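Data block below; observations after.
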Amino acid sequence: MSRPPPRIPEPAHGGRAGLADPRDSYGNAQPYDSQHQARYYDDEMEDQDRRQHFQYSEAESQRPRLAGRSRDTDTESDEYNHNRGAHTPSAESLPSPQPYPAWSTDRQIPISKEEVLYLQMKFGFQRESMRNIFDFIMQLLDSRASRMSPSQALLTLHADYIGGPHANYRKWYFAAQLDLDDAVGQSQNPGIQRLKKGARLGPGSGKDLNAALNNWRQAMLNMSAYDRYLLCWGEAANIRFMPECLCFIFKCADDYYRSPECQSRVDAVPEGLYLRSVIKPLYRYLRDQGFELMDGKFVRRERDHERIVGYDDVNQLFWYPEGIARIVLADRTRLVDIPPAQRFMKLDKVDWNNVFFKTYYERRTFLQLLVHFNRIWVIHIALYWFYTAYNSPKVYQQSDGSPPTAAMRWSATGLGGAVATLIMLLVTLAEFFLIPTTWNNTSHLTRRLVFLLITFGLTGGPSIYIFLYDNGKKNNLPLILGIVQFFLSVVATVLFGTIPSGRMFGDRVASKSRKYLASQTFTASYPKLSRDSRLASILLWSLIFGCKFTESYFFLTLSFMYPIQVMVGMKVQGCSTKYLGSGLCRNQVAFTLAIMYVMDLVLFFLDTFLWYVIWNTVFSIARSFALGLSIWTPWNKIYSRLPKRIYSKLLATGDMEVKYKPKVLVSQIWNAVIISMYREHLLSIDHVQKLLYHQVPTEQTDRRTLRAPPFFLAQGDPKLAGEFFPPGRSEAERRISFFAQSLTTAMPQALPVDAMPTFTVLTPHYSEKVILSLREIIREQDQNTRVTLLEYLKQLHPVEWENFVKDTKILSEEAAIYGGGNGNPYNQDEKASKFDDLPFYMIGFKSAAPEYTLRTRIWASLRAQTLYRTVSGMMNYSKAIKLLYRVENPEVVQLFGGSAEKLERELERMARRKFKFVVSMQRYSKFNQEEYENAEFLLRAYPDLQIAYLDEEPANKEGGESRLFSALIDGHSEFIPETGRRRPKFRVELPGNPILGDGKSDNQNQALIFYRGEYLQLIDANQDNYLEECLKIRNVLGEFEEFGTSTKNPYTQWSPKELERSPVAIVGAREYIFSESIGILGDLAAGKEQTFGTLAARGLAWIGGKLHYGHPDFLNATFMTTRGGVSKAQKGLHLNEDIFAGMNAFGRGGRIKHSEYYQCGKGRDLGFGTILNFQTKIGTGMGEQMLSREYYYLGSQLPIDRFLTFYYGHPGFQINNILVILSVQVFMLCLVYLGTLNKSLLVCKFDTNNPSNRGQAGCYNLVPVFDWIRRCIISIFLVFFISFLPLFLQELVERGTGRAILRLGKQFLSLSPVFEVFSTQIYTHSILSNLTFGGARYIATGRGFATTRISFSILYSRFAGPSIYLGMRTLILLLYATLAIWIPHLIYFWITVLALCIAPFLFNPHQFAFADFIIDYREFLRWMSRGNSRSHANSWIGYCRLSRINITGYKRRRLGHPSEKLSGDVPRAEWRNVIVSEILFPIAYATLFVIAYIFVKSFPGPAGQTAGSPLIRIAIVAFGPIVWNAAILMVMFLTSVFFGPLLAGCCASFGAVMATLAHVLSVIGMIAFLEFLWFLELWDVSHAVLGLIATISVLRATHKVAISVFLSREFKHDETNRAWWTGKWYGRSLGKHALSQPAREYIVKIIELSLWSGDFLLGHFLLLLMTPVVIIPYIDRLHTTFWLHPSKQIRAPLYSIKQKRQRRAIVIKYGIIYVIVMTIYVALVALPVVFRTQLHVQCSICKTF
């Protein structure tokens, strides 16, 4: 075929895009054949006999007969307010052979396919990519042209992608100042000049932005309405994450295309040139930032984010002309100095390695929180200063003890402004640390710094004069200064607390300067709120902070005033210690008061979140009432009006030609919904008959009428309602109730099916279960599982299982009838007993034939969290579209004259045209046989399902790189005979492996080129959908506000209103957590999701704070794909990839809405471990978010009310968790210090203002302090329990009072508060560890059922680090506080702190079964002891090594040992991160407790004897075990080195014996030193406990310092550990390290022995705590009610006789050992307590130490 003649260059930089050859059928991947004349039919010409499983035969059987169009005699039609206007169906609504009916030749299309055929030779695009993009564009145009003219569709599409007011390309064009000089040349562009000499841009002619806009619109009007952007996009692979980079590439390509050089070129450019010369160099640069080639394999570099030039850094270079000017070729020529038409062909010569740089340092530091959320710190800390300074006059009283003067009080209070200014100074200095000082940010930071220094002088300087020189006793000048200072401080605090830092001294948000245009465009184009929403936002935050300021003043500050009055100036008398004297102990009260100030400040932060939860819940509930979502709307109205609402809201009544009564149409919809529930076994056949519309004869013999389901009309009679309604609390009832309730809300009007936009559902899949195998269903998971999955599901869904069995029996009877009974497994004698039906009720089938077992597999898979459930649910969209199309277009039904096959083919054509479902199966080409068969089953069940996957071709030569492709198949794709695999419809080559990040976002991105239509719905592989919800799809898509069919040219004059109108980028939807009924943990996880996904999302969306969370959100595909895609993908940083897409869309001007009337199902984690894994992933992901530039932009640019919405709706929740845990820790410290005062001093009450009561020697008034303690406990209690308020109110509104109380009671009875405390600590630990060490990664949490018992040792190793250690340390503090200051309020803290220790065991199935408990003990002992003579995957030594890896890291290079994994590199932690968290903080913590211990030992004993030096005592007890271990290890080392090699041949267990001996001696040493402390304290419990606290804190600090400072990197193998015990150091793959490792291992072993002893004692303590519970009769059965109702108890496990004998022997043996060990354990502690009055020991050593 000859190509068309060259086109004349166009006046603007757009042109007609050649996309693909329309004659090349994309059903195969064969080369183009000029003789092949097949057209693009989107699978219409494929085998039409492949059907979806869902048919409407039942619905058809219930439909009224329409013969002769007889008039319906129903008299209720006047209820329906329908439009009877005539409607002429559009051409595309009728059957058409065209692949793109709305874009067919008979509709006067403005562009023909032949005009776009020859571009491949111009740019070297891949043929496969062009075919894909051609189909992409044609389906997009078909979607738009179905509701507007083809010309308008083409124009609006061009406007959305290229030139319209909201097109990203247009915004980039102006932001990068290309309008000023399209050549971006050195001589003219002011951005380049600014880079060279700082020249300012003046308002010269032709450079005015408005004039440039007019020029742009005129150019767009003149150009052809097509472009090559999508061709560049289709092959861009990972470059799609960088939208402005892609804009630059397109600009270069467009300039080249319009040049005479391109138009006159005859030679074809080689296919793949674009990929090789443009995309691949950029891809390789990005890949090499994170990976390096080692031994022929790419492995991660040891770089944290701050040293990786990532997607955002690369992309931001193209925002500014100065950045574009940095692009240089290999010969050092700048690209901007080359004529525009030649740049595209020079891109392959660009030296990208010298172009890019970091534009934001994602440093792992807490300074990020200071910068991002500076206004939070200013508001709280400054206000706290104002409140507290005013109410603490005694702190700054005059030197003679008299009260401060008025001037002093004004000035001291006014220092709050200096505090606010100081915070802003620190923020500004931190910004210099986080942001490179480039052309676009240095100046405003410097100006801000100077201004802040001046402000700091004004707000703090007067205090120096007043307090040091003139306090105002003699004149009024200090008073005037103090008052002025105070009001200046108030102004400064208000300004710094409300104005974004980005708008100070160089407004990057609203400035008219072109210098900031890029920053405004891409980071601060926040969508404007409507007036009502903005008023609601301001009112909400006014109420929150109004209540907060009032409550904090009266409840926190005023109550703290009295402790301050009695404690300030209080000096302890009569205390002294050896060596330290009285200098330290005299100031114990001051130390205590300082800690109390910190505690009060933490509570000051916490109560803001409390008021946020309260008022946000109130606003959200009020919003739900306004939307009509409450259950308190009369139910009889909801159901009696349901048919009318179905007609008016779900059907496109405005465009229908009404030929039939509304009830006829509604009946088809309703019957289809009910029948779909019957097919899902939610309803029995009896219920179905009661719920369907039926045709019944009338009095006239030739007439039939429709009878509505009785329950529509029986709502006034509870008896009838119960009879006709689905079973109470069933899934069917829930779905019907929500469906009826949701239709009461306002929703956009539906378009006719033929005019609705096309949309795609996209689901990423990695290794999630596709469909359950028979083995997984009917066999226990392992020996610790007491129930099969099928048995468990039957217990959870008894009604659905019964319906399934009935259905199966009916099928079996039919099979017996039609099969004649010969050899049929279901042929039965009529008199057979029910015994013959047992297999049905047990496993669902009697025959093992695949067609029977498959039914059971499907039934189970649809009730587990499988991909099959997701696909089955989402394919309801296809069924809904077919149903709506048939109901709304009866002429289509009549057209086929009763041919069901032709009708079904037409319905499928329409469904296929409007809906696509793409599953991105990244690993499909590498599936094992079972996974492949499951995927094939999906394709056979749903032929229209499309699977996108990565296909790999091996390298042609050894050492070369393999080629990767994005490929797409569906159920219609033919099989390749040679491979047995399906032939891809499209197969687009990639520049390399696209998985450079955490996987999910890259997986979505590689499949993104295969989506079709205007909108995307992002669905995870654990979701579900329902037919009745899918019927609302047209209404949901109407939320994007693009259904209007304006005939206005988008390039005519733009009004300011049009420019300011923000497009809708994302429409969020509700989720129903279908796992809420599966165990108590499922209910807890569901409750949290329910409140966030509905109540919180509703409020956030209303006031403009909702983002994208990966829920079933709908996306404006054009908006999102031109702005970086549907997620972000930098490794680690974008772990929570979806929320970054939301922040990106929000910052670039996209509105984010929330739909209340539509919901999808979603599964959540069900086991304790998997839930905590999920929370760890969320927590570490939040830690990464806090490092990101998106948080910096939002925190420094949003107006105050929207910033507060963003903060408290997102990071504020996690920071509140941190503050809750911090409050517990600080409060425990307070209690310890107050306990030392209460135990050591004589407390009495007297009036401090009464001189006669002053000066009583040895009497201290601490009564107000104890009142303050009670208030603090109440505050912490309220902050914690307020978290249950949203769930309760949500249930109250949506399900009624009874169910709300029932669910709340259920949560409390199932110890939900215990779980909440534990999960709060998991969140806190994961965030803090991530901010310190990093290591965020995707955690495949697993979504199985919680039926397996996990052993004690596994739970201990998983949760010791995150929670148990902290819980035990806090428990000991609480024990001392209880001994020292007992008040009943402390009971709450006992529950809270115990939760941190025992929650993992409490929620473990069958934890308290006696035999399993003893076997657990055996496993715990083995876990503690193994791994020393040979490697073991599950051992204490492995756990210990892993726990310190975050600090030490692994050695980088592999030395040849087979156990190593090269990809598992963990770098050594940065010193600046470690020094605070691992060195300074533990030392400070230990110092505080040592001071507390020194204080209590600084008083004479009861007999007047003086104690020895408490410092030496603590040193002996803390360092004694370390010295003891060092001595043991030295002896062991010498023994093993000399005797190990000699005995290796005869004594294989030599190493194990040596290790056992050392560990036993270590425990004995640890116990001996603790008993020695017990003895030194002369059996005084409180002093011994405080000494234990100090000892543990010193030991912990010592270990952390030793690990951080003295240990080098770890080997990835454990050879050094075994070498130590066996003495065999050779042959261990240690290489040159063999000489240095013994010294390192000596230090390691000293630390490890101490830690091992601690874990040994701690593990036994936890087992001891659980022992009283274990011995309670029937406790296991009672405990199992956490998972199942008592009537559905799981059977005891079945064991063979041999297994029973073995278990009995183990239980007896280890039961005896357990009793002996625990007896000794208890005796060592309890005997001295019991007999301490009889034990009188003359302890001379006690006086010395």
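Placement of Cβ uses the backbone N, Cα and C atoms for every residue, glycine included.
Look at TrEMBL and you will find 27-37 tagged as compositional bias 'Polar residues'. The compositional bias 'Basic and acidic residues' annotation in TrEMBL covers 69-82. The feature domain '1,3-beta-glucan synthase component FKS1-like' is assigned by TrEMBL to 226-332. The feature region 'Disordered' is assigned by TrEMBL to 1-105. Residues or ranges marked as transmembrane segment in TrEMBL: 449-468, 480-499, 535-556, 588-606, 1218-1236, 1268-1289, 1364-1383, 1474-1496, 1516-1540, 1552-1576, 1656-1675, 1707-1731 (among others).
By the Cβ criterion (under 8 Å, sequence separation of 6 or more), the transmembrane segment (1218-1236) is in contact with the transmembrane segment (1364-1383), since 3+ such pairs are found. Look at the domain '1,3-beta-glucan synthase component FKS1-like' (226-332): DSSP puts its residues at 63 helix, 10 strand, 34 coil. Remote same-chain residues near the transmembrane segment (588-606) are listed as 380-381, 383-384, 388, 552, 556-557, 560, 563-564, 567-568, 570-572, 575, 1216, 1219-1220, 1222-1223, 1226-1227, 1229-1230, 1233-1234, 1236-1237, 1260, 1265, 1268, 1272, 1275-1276, 1279, 1491, 1495 (criterion: CB distance under 8 Å, separation of at least six residues from the stretch ends). When Cβ distances are compared across the two stretches, the transmembrane segment (480-499) makes no contact with the transmembrane segment (1364-1383), since fewer than 3 pairs at least 6 residues apart fall below 8 angstroms. With a cut-off of 8 Å between Cβ atoms, the residues of this chain six or more beyond the transmembrane segment (1707-1731) that come close are 1410-1411, 1414-1415, 1417-1418, 1421, 1567, 1571, 1574, 1579, 1581, 1660-1661, 1663-1664, 1667. Sequence-distant contacts of the transmembrane segment (1656-1675), counting only residues of its own chain at least 6 positions beyond either end whose CB sits under 8 Å from a CB of the stretch, comprise 1352, 1356, 1360, 1364-1365, 1368, 1394, 1397-1398, 1401, 1407-1408, 1410, 1413, 1417, 1420, 1424, 1559, 1563, 1566-1567, 1714, 1717-1718, 1721-1722.
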